[in-house]
Amino acid sequence: MEKNIKFPVVDLSKLIGEERDQTMALINDACENWGFFEIVNHGLPHDLMDNAEKMTKEHYKISMEQKFNDMLKSKGLENLEREVEDVDWESTFYLRHLPQSNLYDIPDMSDEYRTAMKDFGKRLENLAEDLLDLLCENLGLEKGYLKKVFHGTKGPTFGTKVSNYPACPKPEMIKGLRAHTDAGGIILLFQDDKVTGLQLLKDGDWIDVPPLNHSIVINLGDQLEVITNGRYKSMMHRVVTQKEGNRMSIASFYNPGSDAEISPASSLACKETEYPSFVFDDYMKLYAGVKFQPKEPRFEAMKNANAVTELNPTAAVETF
């Protein structure tokens, strides 16, 4: 069942002025009850966003579209005669910003596109850190607490997944991206404002995340659920395919460093803490093989090294 209900939209400009308390309360409610919210007036230049969108769509047409069509042929997906549950209808590539950029290692990107994505990535990195401090304020944690936890000894990891979801002749047969929660910290999504597709699971119903011009969609990953001892939630979400239009998605993931030690914040923990303590890289190794499964068994498995192997026998695999 799909519903259209009021999705939380936060105007960050209202953090300055008499509406600050109300705005902070809206952010807190979204983190507790949605795991998602959308921000406007976030400080990112609109011309930079427009340019990134334009060049991403051009890059897909020039460098990615044929690869996507070849993938469909190789997997026998041109006709979609049956429901497909183990493949996503998406074209993607990844940019790594931190701890070391791979921006100049990606083939077929124009210099102009590289420059735009470098600028875009840096601004999103700064925005992510500002948002983490807002979460700290709402949680009663000292300013910088989440950034410090994410830092570990090597600094945070930060990367961007650039995706296109082409038109699909039979949307009922395949998802653009199967349902999952995100493993990491805080995710900042710049999505197409004309072609819909992103949905989140709330109270048993799939809810559309509305595409708003020049907005950024924020969602929380599993690590923030652990650190907040379940006060904030990572939520299942998916991308549904559409018969018309190519949906663009630029999702940037601000995650803990590989050796960051993750555990519930002491001020948020209680005697009956349900969430485990672990090293982020160990969680990612587990997540690699069970991404599209519920998060709760992952949390439980992290309490027991043997359970990790049982849940995902290939847990030694590295992932983005």
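Cβ atoms are placed via backbone N, Cα and C, with glycine included.
Here the structure is a predicted model, which means the values were calculated and not measured.
The following features are taken from Swiss-Prot:
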type	residues	note
DOMAIN	156-256	domain 'Fe2OG dioxygenase'
BINDING	His180, Asp182, His237	Fe cation binding site
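Shown on the structure are the features that Swiss-Prot records.
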residue	record	Cβ within 10 Å
His180	Fe cation binding site	17
Asp182	Fe cation binding site	24
His237	Fe cation binding site	24
What counts of helix, strand and coil residues does DSSP assign across the domain 'Fe2OG dioxygenase' (156-256)?
9 helix, 48 strand, 44 coil
Other residues with Cβ within 8 Å of the Cβ centroid of His180, Asp182, His237 at the Fe cation site?
Ala179, Thr181, Asn219, Ser234, Met235, Met236, Arg238
Report the mean pLDDT of the predicted model across the domain 'Fe2OG dioxygenase' (156-256), rounded to a whole number.
97
